[in-house]
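Features as listed in TrEMBL:
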{"type": "BINDING", "residues": "132, 152-155, 220-222, 226, 274-277, 454, 465-466", "note": "substrate binding site"}
{"type": "BINDING", "residues": "148, 150, 371", "note": "Mg(2+) binding site"}
{"type": "BINDING", "residues": "148, 313, 367-376, 378, 403-406, 429, 456, 462", "note": "ATP binding site"}
{"type": "DOMAIN", "residues": "210-310", "note": "domain 'Glutathione synthase substrate-binding'"}
Ligand code: ADP
Ligand code: MG
């Protein structure tokens with residue numbers, strides 16, 4: 001790799017000092033609610049307050065040039081606007097996903113709900129998006145490239161905010177050993193900004209007795225990340241949040257003739273999905289009925305079915321085609337900024353690229369239309385899968401997209417998991433949260449809303465924290 005290395009290596013801490021810091025840090029996590037349910041305790045995913053363990057974290061923040069950080073922050077409001085614009089073009093969504101639906105039952109079910117909403121001309125006056133755009137800094141080109149844009153159930157606004165505080169605390173305490181300055185860790189407002197956006201959507205809905213309904217999985221070890229938002233909503237805005245699974249909504253929910261969503265006798269102002277993004281969340285028809293019921297109501301949906309579809313990997317690939325952004329945005333500078341962060345993305349009806357990917361699989365990632373980690377295909381598996389799908393013929397290839405593989409710089413770091421400090425070569429993925437709220441013609445919020453840094457050992461292909469691949473991290477801004 002020939003290009004200049006932009007990110008300086010983090011300072012080395014000797015292993016004994018690192019272990020001591022890790023103990024302090026783990027205690028800090030327990031004291032400040034930087035916790036998740038412990039896999040070892042079967043009740044930890046269903047009973048709050050039982051079986052807690054500190055969230056996995058990186059001992060020190062990941063280094064990132066300040067200019068890259070600014071570039072990523074600037075993109076957030078543009079992506080927010082883009083999602084809103086694309087969501088309004090029902091035909092674009094249906095056409096772009098038409099081949100995918102034939103081979104992917106999950107996408108097909110989502111599109112069916114979307115089609116029904118288009119058919120009845122369903123209006124969504126209050127539109128709330130809580131997104132996260134994820135990036136890696138490609139070492140060879142020194143460019144910030146987007147991994148994906150999440151429009152549903154973006155996780156870790158609660159816990160991610162705390163990691164910045166943890167790192168500042170550690171640097172305050174040990175900074176003299178490390179030559180690090182706490183002020184170079186940017187404050188992280190994700191938790192309060194997401195709560196504020198939910199609260200303002202609730203206020204636009206304008207029914208004092210109404211609640212926010214969080215759609216959750218029946219078992220959720222990441223519940224404290226969610227409870228942080230619930231807590232902000234109550235303490236700062238006096239708003240009550242109820243937690244329901246999709247099957248509970250099916251059993252307890254109804255839509256009144258004028259559109260009000262009632263669940264368990266309560267009026268719902270805002271439906272905030274922290275489930276519903278994977279086929280596993282729809283084990284029976286009951287869950288699909290609940291999703292449809294919510295969509296038909298006048299409650300604010302975060303996200304609506306169309307916002308959800310805009311976040312699919314197929315739409316990401318379609319938006320990267322020449323002249324497609326221009327259909328949705330008029331400002332040329334904004335278009336150029338977005339395009340600059342697009343990695344190579346291809347659909348598999350491009351025979352040339354399929355051939356190249358079979359020859360050099362290490363340069364690509366093969367992605368199905370799934371969220372939540374653990375689904376991508378790399379290396380020899382990628383070659384085998386493409387070869388097999390090609391032989392099978394038909395439309396099977398349409399279930400996937402191909403993406404240029406991004407190679408960030410690997411640096412030494414300490415990762416702490418279950419109270420144990422491991423040293424490793426790691427790479428990081430930067431997520432920038434964005435909040436968007438519009439009521440008819442009035443854009444109430446369009447902001448960058450904090451960040452999430454996730455770090456994983458460089459030998460791991462996947463990236464999810466909940467899925468067990470990565471740890472939570474924060475940022476240390478450098479001059480270069
Ligand atoms: P998911 O919806 O499962 O989160 P992603 O597209 O974010 O899907 O991929 C999961 C993980 O795989 C990412 O967090 C990242 O670590 C890795 N990854 C995805 N795309 C690329 C890529 N183009 N180059 C390198 N790593 C990638
Ligand atoms: Mg992802």
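Every residue, even glycine, has its Cβ placed from backbone N, Cα and C.
These numbers come from a predicted model, not from an experiment.
Taken residue by residue, the domain 'Glutathione synthase substrate-binding' (210-310) breaks down under DSSP into 43 helix, 26 strand, 32 coil. The closest partner of residue 150 (Mg(2+) binding site) among the binding-site residues, by CA position, is 277; the full candidate set was 275, 277, 374, 378.
Among the binding-site residues 148, 153, 155, the residues whose Cβ sits under 6 Å from any atom of ligand 2 are 148.
Of 132, 148, 221, all annotated as binding-site residues, the residue with the shortest Cα distance to residue 374 (ATP binding site) is 148. Among the binding-site residues 132, 221, 368, 378, 465, the ones whose Cα sits within 10 Å of the Cα of residue 148 (Mg(2+) binding site) are 132, in sequence order. The residues near the Mg(2+) site, meaning same-chain residues not in 148, 150, 371 whose C-beta sits within 8 angstroms of the mean position of the site's C-beta atoms, are 132, 134, 149, 151, 152, 154, 277, 311, 313, in sequence order. Less than 8 angstroms from the CB of residue 226 (substrate binding site) sit 158, 214, 216, 220, 243, 274, each of them six or more residues away in the same chain. Residue 368 (ATP binding site) falls within a strand when secondary structure is assigned with DSSP.
Residue 132 (substrate binding site) and residue 368 (ATP binding site) have their C-alpha atoms 19 Å apart, to the nearest angstrom. The 10 Å shell around the Cβ of residue 150 (Mg(2+) binding site) contains 21 further Cβ atoms across the protein chains shown. Between the alpha carbons (Cα) of residue 153 (substrate binding site) and residue 368 (ATP binding site) lies a span of roughly 18 Å.
Looking only at the binding-site residues 275, 465, the densest Cβ neighbourhood within 10 Å occurs at 465.
Distance from the CA of residue 405 (ATP binding site) to the CA of residue 155 (substrate binding site) is 24 Å.
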